[in-house]
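As structure tokens, the structure follows; a few thoughts come after it.
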Amino acid sequence: MTLTAGVVAVQGDVSEHAAAIRRAADAHGQPADVREIRTAGVVPECDVLLLPGGESTAISRLLDREGIDAEIRSHVAAGKPLLATCAGLIVSSTDANDDRVETLDVLDVTVDRNAFGRQVDSFEAPLDVDGLADPFPAVFIRAPVIDEVGADATVLASWDGRPVAIRDGPVVATSFHPELTADVRLHELAFFDRTPSAQAGDA
């Protein structure tokens with residue numbers, strides 16, 4: 001059965017996420033049909049969604065203007081998986097600590113935007129992630145931090161004592177960019193019954 005995956009194609013690493021979900025699906029013996037989402041009407045056709053990074057205020061405005069935000073909320077309410085990364089985490093949150101960001105309120109967290117500094121301060125670090133046997137090569141670029149975690153959410157990984165990956169029901173969100181590595185285990189963790197394959201980060 002083909003997996004229909006939608007990538008919100010407003011900003012961010014759209015092609016990288018598309019490639020990652022194809023590799024993750026292939027690792028589980030399942031073909032993937034990847035669709036780019038720019039207007040309403042595509043989300044209801046998708047089994048899984050990816051919300052990449054970019055600029056959170058711009059992303060939230062476009063989602064609201066096009067009516068994609070309501071479709072994403074319905075997708076999550078139906079128990080369908082969503083992987084949100086970096087600015088996608090901010091937009092997905094309950095509270096972005098920024099009135100300019102219209103959040104989706106599908107991830108019960110409060111977020112501190114750009115908590116890990118400017119783009120020049122970006123870094124990569126091996127990260128222990130709950131559910132993964134080996135450290136994940138996490139790429140942080142002006143990354144947000146999860147300040148507060150709701151009762152139903154679970155912290156999957158922390159860096160320097162602060163949460164940077166979380167699961168809330170069908171939503172997995174990361175402060176870092178899993179699509180910028182050859183390691184697709186985070187995409188597997190989000191979309192394939194929480195059973196990532198035994199794939200090394202340099203595969």
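Even glycines carry a Cβ here, placed using N, Cα and C.
Here is what Swiss-Prot records for this protein:
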- G54, E55, S56, R113, I141, R142: L-glutamine binding site (BINDING)
- C86: active site, nucleophile (ACT_SITE)
- H177: active site, charge relay system (ACT_SITE)
- E179: active site, charge relay system (ACT_SITE)
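Locations of recorded Swiss-Prot features on the structure.
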residue	record	contacts (Cβ under 8 Å, 6+ apart)
G54	L-glutamine binding site	V10, Q11, G12, C86, A87, G88
E55	L-glutamine binding site	Q11, A87
H177	active site, charge relay system	D13, G53, T85, C86, A138, V139, F140, I141
E179	active site, charge relay system	D13, E16, H17, A19, A20, P52, T85, H187
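In this structure, the recorded positions C86, I141 were compared by how many other Cβ atoms lie within 10 Å of their Cβ, and the smallest count belongs to I141. When Cβ neighbours within 10 Å are tallied across all protein chains shown, the highest count among the binding-site residues S56, R142 belongs to S56.
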